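Please read the structure below before turning to the comments.
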Amino acid sequence: MQLNINVTEFILLGLTQDPSRKNIVFAIFLLFYMGTLLGNFLIIVTIKTSPALGSPMYFFLFYLSLSDTCFSTTVAPRTIVDSLLKEASISFNECIIQVFTFHLFGSLEIFILILMAVDRYVAICKPLHYMTIMNRQVCGMLVATVCVGSCIHSSVQIILALSLPFCGPNEIDHYFCDLQPLLKLACSDTYVINLLLVSNSGTLCTVSFLMLMVSYIIILYSLRNHSAEGRRKALFTCVSHIIVVILFFVPCIFIYTRPATTFPMDKMISVFYTICTPFLNPLIYTLRNAEVKNAMRKLWSKKISDDI
């Protein structure tokens, strides 16, 4: 492994260099990040304190909200601060840490979305055996397994990043550190690493997306045998999940499945899965889920009564 010894820090060019537009970036990222923290915090607290939300679906939703919060935190706070600076810099070590945490929590979100699809499949297609198959011990083991998988994925990203030699340019044309913008700064042939990036991140996004869409097609097809009320409830849940999947995966696939190719629009597309999706997830899951809304109302009512 060839370690960098020449470049000690990078300059992040951000989404824009125009001062007035930087103020817009600051306002948008701050608004979305605060909304992300508030929304996911409410979901986490509600699930933890409400006995009515003890099913496996909400067990996985708890970890999705947690991973959303962490994933957004790897990018948003630094971008908010950097938008106030004339020149934003990041040390080499901080850049590598950001690559690791970004892919750690990003891949964790992908794996948890897959677990949620598996949970819905078992609940709808195997309702009589649901609680036996998806018991708390099994759910805990599944979450532990995907955490290990996320660590492996992000470790591969670090290995690829540390294998890049940087000996000159240090301006990253992006608002956060990731392998693709780093590849443009490397002073060696990056063709092989590009292929490894596509085979790792690109394949993870594409295969996971296809698996999720096929699973939901199977689930929706199986609903024909359910009652009208059962179909309505299951359809609402599945549509919420499908919206989240599309919002997260389509931009990711666009970014990570193109070897050695970057477009000016890449930075704007990255905004969708780094800040928009973590913000929208709580809205999608609460506004379309009566059980979560009722649990939040009870939690809020209890807090008011306790204060009185």
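Backbone N, Cα and C atoms are what each Cβ position is placed from, and that goes for glycine too.
According to TrEMBL, the protein has these features:
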TRANSMEM  24-45  transmembrane segment
DOMAIN    39-285  domain 'G-protein coupled receptors family 1 profile'
TRANSMEM  57-76  transmembrane segment
TRANSMEM  96-118  transmembrane segment
TRANSMEM  138-160  transmembrane segment
TRANSMEM  201-223  transmembrane segment
TRANSMEM  235-256  transmembrane segment
TRANSMEM  268-287  transmembrane segment
Proximity of the transmembrane segment (138-160) to the transmembrane segment (57-76), 3+ C-beta pairs under 8 angstroms: yes
Mean of the pLDDT scores, which run from 0 to 100, over the domain 'G-protein coupled receptors family 1 profile' (39-285): 89
